Amino acid sequence: MAASVAAAAGRLRRAIGRSCPWQRFSTEPHPPHGAAVRDAFLSFFRDRHGHRLVPSASVRPRGDPSLLFVNAGMNQFKPIFLGTVDPRSEMAGFRRVANSQKCVRAGGRHNDLEDVGRDLSHHTFFEMLGNWAFGGEYFKKEACSMAWELLTQVYGIPEDRLWVSYFSGDSKTGLDPDLETRDIWLSLGVPASRVLSFGLQENFWEMGDTGPCGPCTEIHYDLAGGMGPPQLVELWNLVFMQHYREADGSLHLLPQQHVDTGMGLERLVAVLQGKHSTYDTDLFSPLLDAIHQSCRVPPYSGRVGAADEGRIDTAYRVVADHIRTLSVCIADGVSPGMSGAPLVLRRILRRAVRYSTEVLQAPPGFLGNLVPVVVATLGAAYPELQKNSVKVLIWEIANLVSEDEAAFLASLQRGRRIIDRTVKRLGPSDLFPAEVAWSLSLSGNLGIPLDLVQLMLEEKGVKLDTAGLEQLAQKEAQHRAQQAEAAQEEGLCLDVHALEELHRQGIPTTDDSPKYNYSLRPNGDYEFGLCEAQVLQLYSETGTAVASVGEGQRCGLLLDRTNFYAEQGGQASDRGYLIRTGQQDVLFPVARAQVCGGFILHEAMAPECLQVGDRVQLYVDKAWRMGCMVKHTATHLLNWALRQTLGPTTEQRGSHLNPERLRFDVATQTPLTTEQLRTVESYVQEAVGQDKPVYMEEVPLAHTARIPGLRSLDEVYPDPVRVVSVGVPVAQALAPASQAALQTSVELCCGTHLLSTGAVGDLVIIGDRQLVKGITRLLAITGEQAQQAREVGQSLSQEVEVASERLSRGSRDLLEAHRLSKDIGRLIEFTESAVIPQWQRQEQQTTLKMLQRRANTAIRKLEKSQATEKSQELLKRHSEGPLIVDTVSAQSLSVLVKVVRQLCKQAPSMSVLLLSPQPTGSVLCACQVAQGATPTFTAEAWALAVCSHMGGKAWGSPVIAQGTGHTADLEAALRTARAYALNQL
């Protein structure tokens, strides 16, 4: 195969040299480089077919909460497909475009993470080459012709190696075979034997449960090349968006057709370079070479399965793939974190670290040193990897990777030692304790993914107590749910008797000043100081003072000093872990810390024995602490912004914050208006954008009384008290004539804060409600969460605008009116629950309610008009007799009932039953009995008799009723209706 494809590549280069000035491949006498393949694709569509080249979107989805990562080239064009694109935007002018899109499939519906490394083809990061035609710019014939031209004439792939597939149709949904596409391929010279048809699963593409969709045609490459049975791999998928899937599952033709194509660059390059694996191409060879040069292992040889002794080649593939994903994601602003896409990225990083250290024997800092290699191979195509801007410098990416790598290496080493020590104590048939595994995991703060813990145990032939682990996971989920609001689950506490005993024993209160021992590095990262302490007292889970605790016990610890922030002042407590001095392999996860009478009680899980008098080292969870610091500084800015907006007398009535969100209660006479919410956010954004320094200093409590406008709560403060001032040094704020507290945020606060406001990033108020009269509760988020909320809000605004335009155009089609009403209803439901700016929610709710009223009014008018028209037609046909039993065309049961009512109103002596067959095969039924009918003749019984005959059901009252059924013999149903009525008259 390699020789054949190499020859094809040679013909390709010669053809380009003679007649294709829009793009040249490398002049080397070997298959083209991957970069040249990418460039040839883009140049072909730009120069030969007039496509506009657009940059790759960020791998972080913009305004699309349904995705963790961008996983296809079409993601950034969703607004066009959905009709929600801003008409004033650049995208609205797109007609034919092409690009190479960065894609990540490592979470959610499309997840290739676990397969990476095990075979020769899967990747978490890949490049998707694509071309698009919007609004019918071109369609099937042109798309197929362009694809065939590129593959056979530009890339020089032999035509007899290419197979194509098309949609075979689906009788259940009424979709015809895509014979047009079949005939196009035949006209291009593809033999009928290589034109295959498949059904919905293979050749019908859908964006989701609802939305644009359509048949697709795939181009496959035959790896066998005539040497035995075909071995087909998909090269290119061409989607023809011509339908729209409604919420009820029905399909309708789109008013405008679109072309959406996608071809994986890595697989295409493998074909053109004559390789059986994407990892054998020059897209990966520089990385594989760099890995080999840094590690004491044999060079990569492409083995899989049992042939891959020691899993060395698997590790090569894992590391090469994952470092590409990490570099691209971090450059696009997605860093390893604790939830959502950042959590997935953290798992990818730690998976790469484990394979690099345990299998490849890589030195410290190994992964970070690979980042420049990634930039060298991808930087020309994606300049954001090289730009000198925020968070995208090569050294910043490498530094971030290296820091997390170093932290995880330390965690892995501790984890291995803990596993080894625990396994030695197990009997032959004992299960590995779930509590110990949990303490090693991400949830237990050591940060080793549970699947890696299980893998390490499997290597030792030890089984994990999965049932116990599931119970712990359920408890953790419940615990997190309860912590979403201020109240955490009740934990250990020191009652008055315990405190009295501590004082009697002369045990001093806890020195927690080390919690403020942190600094800001020049690169913008925070460094938290180490804290060493002594265990002064231990408590069992029941609260009893004990001299020691054993393995697997939940306990409380009192130390002489701590760097953990104990929950107070509305700020959630720190999390983290402690280790015994001199025994670095034993980790004690600390779930929370709380202050009781000056004593800081740490709640921890003991993986093994701990005694009073032991010396320990404490480590706070940096990500959790940073999240709290961001939210706390943001809370102060929010308080200041509220005073700026509502007046200097505005009072705070409470707050609570954790890394996920903040809650703020404020005294207000009336709920905040939409404009006030918007103004509050703008004040905070201004302060954040100015990146003001945050000054913190302890001063005598008496001195704070002379600060005009000081923000303080009605509570007892320590003396001296800590003053937190934004933008103004504390000494200046304390000056007698200072007006600082009237112009910026100055508060008494013992919490932990940022050292400058810029790290808040952004603040969005996502909810407000009246707790009681005069007190409003605000919910807010910051940073990337806030930015995403704004993007979702903007996307929602565009959808509302589209709905408004549809309503303004009007329609005589009742089904379309009902669809629009349902669409507006769905927007109303989404607006209620979506995480978007609250001011925007209020605006859109007002607009949508108005649109819903207009839509319902339009429906009622259409139904009344149709009912009047239908009833008049029926009266002409049934002017005499006691009965009207007939069929009529009605688009809904509501219309049918209105027709019956109007008939009975105009002919009160007649009893009426109407049937209306529907396109779906169902039959609607409505009836009303005449005034003065016999008592035994009821509408409900009449409808039930007819609908039962049709295998359906009915409901209603003695006077009027309705129902549904299914039948192919309407005349028989009508005869049943007449016979029943005549028998009752």
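Here the Cβ of each residue, glycine as well, is placed from N, Cα and C on the backbone.
So that you can see what the record holds, here are the features copied from Swiss-Prot:
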type    : residues                                               : note
BINDING : ARG105, HIS123, TRP205, LEU235, TRP236, ASN237, GLY264 : ATP binding site
BINDING : ASN237, ASP260                                         : L-alanine binding site
BINDING : HIS632, HIS636, CYS749, HIS753                         : Zn(2+) binding site
TRANSIT : 1-23                                                   : transit peptide
Least Cβ-crowded entry, counting other Cβ within 10 Å, from the binding-site residues listed as LEU235, CYS749: LEU235
Non-site residues, in chain order, whose CB comes within 8 A of the mean position of the CB atoms of HIS632, HIS636, CYS749, HIS753 at Zn(2+): THR633, THR635, VAL694, VAL724, GLU747, GLY751, THR752
Binding-site residues listed as HIS123, HIS753, least Cβ neighbours within 10 Å: HIS753
ASN237 (ATP binding site): nearby binding-site residues from HIS632, CYS749, HIS753, Cα cut-off 10 Å: none
Cβ contacts of HIS632 (Zn(2+) binding site) (under 8 Å, same chain, 6 or more positions away): GLN571, LEU657, LEU662, CYS749, GLY751, THR752, HIS753
Fewest-neighbour residue among binding-site residues, criterion Cβ within 10 Å, set TRP205, TRP236: TRP205
Local backbone state of HIS753 (Zn(2+) binding site), from DSSP in three classes: coil
Rounded Cα separation (Å) that holds between TRP205 (ATP binding site) and HIS636 (Zn(2+) binding site): 49
Mapped DSSP class for HIS632 (Zn(2+) binding site), helix or strand or coil: helix
Number of Cβ atoms other than its own within 10 Å, given for ASP260 (L-alanine binding site): 26
Secondary-structure category, per DSSP, in which TRP236 (ATP binding site) falls: strand
